[in-house]
Structures are given as C-alpha cells and as structure tokens.
Amino acid sequence: MTELPDNTRWQLWIVAFGFFMQSLDTTIVNTALPSMAKSLGESPLHMHMVVVSYVLTVAVMLPASGWLADKIGVRNIFFAAIVLFTLGSLFCALSGTLNQLVLARVLQGVGGAMMVPVGRLTVMKIVPRAQYMAAMTFVTLPGQIGPLLGPALGGVLVEYASWHWIFLINIPVGIVGAMATFMLMPNYTIETRRFDLPGFLLLAIGMAVLTLALDGSKSMGISPWTLAGLAAGGAAAILLYLFHAKKSSGALFSLRLFRTPTFSLGLLGSFAGRIGSGMLPFMTPVFLQIGLGFSPFHAGLMMIPMVLGSMGMKRIVVQIVNRFGYRRVLVATTLGLALVSLLFMSVALLGWYYLLPLVLLLQGMVNSARFSSMNTLTLKDLPDTLASSGNSLLSMIMQLSMSIGVTIAGMLLGMFGQQHIGIDSSATHHVFMYTWLCMAVIIALPAIIFARVPNDTQQNMVISRRKRSL
C-alpha cells in the first residue's frame, strides 16, 4: 500500500468511504424503527417495509451495476451512486408518512446497490493485481466498522435528537464524497457485451412481486385473490427467465452455473439460511425496545457484542471448516443459531439482562461461521469462467433472502399482534415469544439442505502473516 501513488491512495479512500456509508446505513436504521413508527403514527410492528424496501432494491439493482460501470465508467457510476444515496437520505429525513419513507428508501437502495460492487471494480482497475488483496482489505475495513458503529450511533441520534438525523448525517458526508469522486477518480470504461435487459426485467419483476405478495395482505390491505395473482405473476416471471436463460447465450446468469453441484446446493442453502438469519438484525432492536422497554441508545449498545462476535469468528472460521468439514459446520451452526435465538428470547423474558451481551456475542459468532461457510461452499468449485457470474448471483440471492426474512418477521409480528400492544406488557411478551419460536423453526430448517453437502475434497488455505525477523 505504501508503494502506491498518492492519487491512487486517495481513490482507495473514496471507495472505502462508500463502503462505510452503505454498511452504516444498513444497521443504523434498525434501532430507529420504533421512534419512526411513533413519529409517523404507525404501529412499530409494521415498520419492516422501511428495511425491506432498501434491501430488495439493492437485490434488484445489483446485476446491472457492474455492466453500467463498464459501459458508462466507474467514476460516473460511483458519483451517481453517492448522489442518489444522498438524495435518498434527504427525502427519508423529509418524509411525513410511511409510504413516503419507503419510496425514499428505494432511491437510497439504488445508490447503495451500485456503491459496493462498483467500488470493488474500481479497486481492481486502479491497483496492480499483486496488491489487490491488500487494497481490498483496506477499503473493506470501514465496511466492517459501519455495522459496529451503526446501532449505537442510531440509538444516540434517536434518543438525543430525532430519527431524522440518522439520514441527515449522510448529506454533508455525501456531498464531500461526490465532489472527491468527481475530482480524483479516473473514469475507466471497457468494451461490454449487450446488456440482458429482458432477463434483468424478468428477475426484477419476479423478485419484487413475490416479496409484495408475501406481505401485501398485512401492510397494504390487498385482497387474497389479488395476492394469489401477484404470487402467480412473480413465479411466472422467474420461470420465464429460466426459459430465456436456456435459450440466450448472453443471459444475465447462465444456467451452466447449476452444473456445479456445490454451487446449486450452496445457493439453495444460502437462500434458505439467510431468510432466517436476516430476521435477527431487524427483530433484535425492535424486541429490546418494544418488548422490553429499552431506550434506543441502550438497544443500540446491545447490538455491539453481536458484531464483535461476528468479526472475531472470521479469524478462525477457516480452521474450523478444515477440522470438521462443511457439512458438519453448516448443520451445527444452523441448529446452533436456532438454539441461541431461543436462548436470547428466554434470557430476555426472564429478566436476566446481564446475560444478554454474552448471548448476543455467541449469536454473532455462530452466525458469522455460518455465513462464511455458506459463501465459500457456494463458490469454491466454480470454474474461473463462471466465478464472476456466480458471485453476482450469490450477492443478489443474499439480499433477496434477507428482504424476505425481514418481510416474514414483520408478517409474524402483525399476525400475533393483531391489536394495539403496549411497551413491555404481558401481551407484548406473548407476541414476541410466539414470533421468536416461529423464527427459530425457520432458522433451523436449512439444516436439512446442508445435511446433503458432500464430503470435502480439499482443504481451504489459511492466510497467515509471517513475523519479520529482528
């Protein structure tokens, strides 16, 4: 890193800044949801669409981001991503209704979807390949700090200012980032093949309509027959994409990916697994504030052990997988995450609050080992010619499954909490207890898929740093 020219180091700082903005916004909102609900006159049990709208938009837009960067230029697209993200933040802060806030989050999601993948592409173009890993480690470090800082910062802003400030703080930072991008970042472009617009539209419509059908009756009052029609339309769009991909050589995602058994199994397991684990970052701060009466700041602080556990486990997960194998690790962590979720609910409802940080630390560790194992299992056997496409599809599936998970969590809360419930009341405790029990079952189910993972054929390489001799 020290051998790089000054202008290249500045460009890496810009990319790192984008990673930080996107990762911070992913976690800072969850802590503020109950306060948003009170301000907007909504039930806190129906605020999940604020999260779903952002994550689903990221999932829909991810496949287009890389092509746009190659065609229009990394500087232009990264600049546009920061501008859209900043404008979305402004509109979020100005929102007076839940529907306005959801639409503003969609605009934010368009910017967020382009920021991270285009940032990775930028690093690949501006640094020598030998220094790529060191550069990516540098730019992704702020992205790891964002989830650690987000919940606590969100709690402070909500408790001592208002929820609007979790979006307003993005505006001056976004303006500086956009100006730096425009002035310092080169606009690399390359020849691109024709974009698969029909395939993109089919996937986008299928994902959006199926998610809407899953939650439409609770959040929008859509009739059952209309929901059935939406579900059928979404499924038809996905099936039409499969037919299109089979016939087209330039499809967005080639069906040749699924000839690799571990990719097919890993992708299915990742989709099912992240539906369950995607509920936890949304449900935990809502449960702490609405179910137990914690302040926003206290609830935000309680999320920090979970992030610390996740970051700490990443250092040893490769050794664990090499020792026990993918199948055992994935089955054990999947069932373990379900049990830890039940333990968290039990400890909280029993009033043993001093144990909550320890339980959340354990939850973060188990979840991190599971995530890392799912990701590497999915991609490890793909040929080089399909690795980029497979990684893009996995990224899209990760975001889609998280949005479905939050949608299901909101649906469960709405189903068990039909009438208005008070903070830290007996009725509220029952609503969250039934919801967490259902979540534990959903989290545990992917163990059936992971039990079919074949035996490992080779071990993963452990990257270690040699100590310099004195």
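Cβ coordinates come from backbone N, Cα and C, glycine included.
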Identify the topological domain of Ala37 and of Gln100 in Swiss-Prot, and say whether both name the same side of the membrane.
yes
Do at least three CB pairs under 8 A connect the transmembrane segment (197-217) and the transmembrane segment (12-32), leaving out pairs fewer than 6 apart in sequence?
no
Do you know the DSSP helix, strand and coil residue counts for the topological domain 'Cytoplasmic' (363-395)?
29 helix, 0 strand, 4 coil
How about long-range neighbours of the transmembrane segment (225-245): same chain, 6 or more residues beyond its ends, C-beta under 8 Å?
198-199, 202-203, 205-210, 212-213, 216-217, 251-255
Is the count of Cβ pairs under 8 Å between the transmembrane segment (197-217) and the transmembrane segment (396-416), pairs 6 or more apart in sequence, 3 or more?
yes
Test of understanding: applying the rule of at least three C-beta pairs under 8 Å (pairs 6 or more apart in sequence), is the transmembrane segment (165-185) touching the transmembrane segment (77-97)?
yes
